């Protein structure tokens, strides 16, 4: 368009101009065609390559789709499994929480039970200590009671021995009274006054024997010469040797034993005086007026000497025996 307004000086110049322009456009056309062919060839190659790539991409896409479908199926399966596991885990967690709550409650109960057991154990230990103390006290009292029983048994044995001795002395006194009565029947004494004096002396000795106060064992007199059984002393030593008695109980027991021994000694002295009385009256028997007096006694019932001596001795002996029995009973109860 720019060339249309151009002016040429000649036609040849214009023809050359147009020839050159035609050649230029022709060259451009050839170049353009060549470029077109190259572009077409490149396009075909590129198209083939694109088709190949497209096929590959489609194949890959199909593979990916199948893989995607498989993965989706797996995802669904995994989701289902996850839901199942989640629900199962939730149930397990709920069960574990319930178990934990129960365990905590059981733990609290066990702790409370342990505290109660500890308190009960403390109470039992205190009760055990109290029981042990009471048992020791009971054993001590039992041992004391056993010792007292042993001491009382020894005293009972001694009482029986003393009663046997008293009975023996009573038998001897009765025999002596019978012998004295026989001798008085056979012979009448010269002077009846000594007999009355001896009877009164015997009665006084018996009354003194019954009224002797309790004195300590250190003041006993004739008890050392009595035939006291050794078993009582051994029993007394054995009973008081393990656990000593209190001083008051020991002094009381010794006083009672000393009094009993003095009473027995007095009874033996009384019997000895009766024997001496019989032996003193035996050489002084006469036959004259004494026989008449004795017959008068048998007839009239006077018999003053024998009535004053023999019944009086029997009465004193019985009184001494009763007092001895009461004293032994009091000693047993006091010990």
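Heads up, the Cβ atoms here are built off N, Cα and C, so glycines get one too.
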87, 196, 231 - the residue Swiss-Prot records as phosphoserine: 231
In Swiss-Prot, the member of 43, 211, 223 to which phosphoserine is assigned: 211
Annotated phosphoserine residue, as Swiss-Prot has it, among 224, 239, 306: 239
Secondary-structure category, per DSSP, in which residue 274 (S-palmitoyl cysteine) falls: helix
